[in-house]
Amino acid sequence: MADPTPLLPHSTSSDPISTPPISLDSVIERVTTNSAWPQLLQAILVSMSWFFDGQQTFITVYTDAEPTWHCTEHPNTTCRSTSNICDLSTSAWAWDRPSSTTIISDFNLQCASSLISGLPASAFFFGCLMGGFILATLADSSLGRRNLLFLSCFTMCVASLITAFSTNIFVYAALRFISGFGRASIGACALVLSTEIVSRKWRGRIGIAGFFCFTFGFLSLPGIAYVNRYSSWRTLYMWTSVPGILYCVLVFLFASESPKWLFTRGRKDEAVATLGRLGHWNHSSLNLYLSSIPLLEESAEVDLFSSLKNLFEKKWAFRRTLALMSVGFGVGMVYYGMPLGVGNLGFNIYLSLTLNAMSEIPSFALTLFFIGKWNRKSSLLTFMMISGVCSIMCVVVSSKWLQIGLEIVSFFSANTAFSILMIYTLELFPTCVRNSATSMVRQGLVIGAIFSPVLISAGRNYNEFFSYGVFGVVIICCGVFVFSLPETKGVALCDTMDEQERKEVTDQINTSA
């Protein structure tokens with residue numbers, strides 16, 4: 001007769017594996033050790049949300065681009081390629097492509113101030129900022145990771161679809177704000193959910209898989225935009241939003257909630273059911289295991305904003321959050337600013353953005369294979385320094401080809417730093433605040449992104465140093481905050497703030513001894 005409790009090994013008391021697990025992380029470690037496919041399929045499904053996130057983040061590079069124009073009268077002493085289009089009569093020039101190809105020509109914004117023409121991009125990132133602060137606690141409190149992932153992705157995609165029917169720049173900017181608001185929690189939810197269902201061995205690699213999906217979404221944009229280069233900008237929004245809505249249906253039907261979150265919320269039966277699907281273990285065995293784990297209740301009352309309260313009231317958590325947000329600010333300024341500013345270098349917009357997107361693939365591949373071997377602190381600091389130096393060198397050198405080469409190396413390094421930073425954040429905080437902490441760090445990235453378009457405009461109109469030079473200085477300065485963080489390579493994940501504090505006190509005692 002088959003053993004009804006296969007998780008409970010028949011061995012002597014001296015056998016270390018017969019010792020009951022002391023944490024939920026230990027249970028997940030045992031359940032998922034020999035059942036990779038269920039975890040992999042769940043991780044792929046959840047991580048696909050990054051694909052649509054990447055498309056909506058950089059779609060304005062094409063939809064809001066400044067279109068090219070030509071003189072219509074030859075010879076004409078008043079109209080030249082170097083003329084200011086706003087000083088010419090409308091009969092002296094014409095767009096090279098149909099006026100509906102970008103919002104600039106469609107909404108007649110060619111002579112509008114940079115504040116108006118840049119409003120949609122700023123509105124999107126401001127929506128990301130607001131959404132991150134407002135939605136951050138929902139994944140740790142009432143909604144959970146899965147439900148918030150569905151809600152965020154669905155909001156972003158529906159708003160993107162409606163954007164295609166905008167009648168003016170202000171309606172367009174408002175819808176971009178809503179899209180950014182919804183998009184704010186996608187990355188954090190997908191990253192946390194996918195890494196909480198796998199063993200410690202695969203945590204870093206599964207986390208990087210989501211970054212690959214973001215890259216493929218980013219990389220798909222030049223192809224879609226090139227195919228539709230003579231079509232309306234509205235078509236680009238339809239091409240990217242409709243598949244996203246269909247994806248949301250799949251998440252709603254097939255994605256599983258994090259067993260760690262379910263357990264810490266007291267929903268033990270649901271946690272058992274989820275672990276049973278992931279590891280193909282029977283429920284009675286899982287119940288025996290989970291019953292042996294003392295659920296470390298938080299000393300503070302748990303409510304909708306308890307996770308943010310813990311991050312700000314606990315001194316160690318506040319210091320870590322502030323340091324990580326500062327690091328994220330520098331990384332975000334370069335990571336989001338570089339692709340948006342490649343037009344300043346005078347290269348083809350389709351080719352330059354494709355090269356930037358393609359540079360993310362070796363970056364993530366490098367991180368994927370070495371994340372298990374790298375120390376978090378030293379690797380994060382190294383790539384931030386490389387990115388900063390190369391960004392500053394873009395201003396110093398005069399060769400266009402050398403500039404684009406340095407720009408790609410800088411973006412590659414910032415992208416690698418971004419990947420390490422996200423994995424590092426997961427390991428620095430317990431389950432009860434992990435999603436909120438990750439969201440706060442992403443807000444640091446978004447704040448850096450908000451400043452990027454302003455600096456790019458200043459670099460284009462005044463001096464190149466205001467863009468790439470400032471990018472480099474900022475990311476180097478922000479790298480200093482890495483020194484204040486502890487190393488987390490290979491550590492076990494805690495579930496509550498109290499457990500995290502006890503663990504770190506024990507680690508300090510062991511280190512001093």
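Cβ atoms are placed via backbone N, Cα and C, with glycine included.
Any TrEMBL annotation is an automated prediction that lacks curation.
The domain 'Major facilitator superfamily (MFS) profile' annotation in TrEMBL covers 42-490. Taken from TrEMBL, the feature transmembrane segment applies to 115-136, 148-175, 181-199, 206-224, 236-255, 317-337, 383-402, 408-429, 441-459, 465-485.
Ranked by Cβ pairs under 8 Å to the transmembrane segment (317-337), the stretches 115-136, 148-175, 181-199, 408-429, 441-459 are led by 441-459.
Beyond the ends of the transmembrane segment (465-485), by six or more residues, the same chain brings 319-320, 323-324, 326-327, 329-331, 333-334, 337-338, 341, 344, 376-377, 380-381, 384-385, 387-395, 407, 410, 414, 424, 428, 448, 452, 455-456, 458-459 to within a C-beta distance below 8 angstroms of the stretch. In the predicted model, the domain 'Major facilitator superfamily (MFS) profile' (42-490) shows an average pLDDT of 82.
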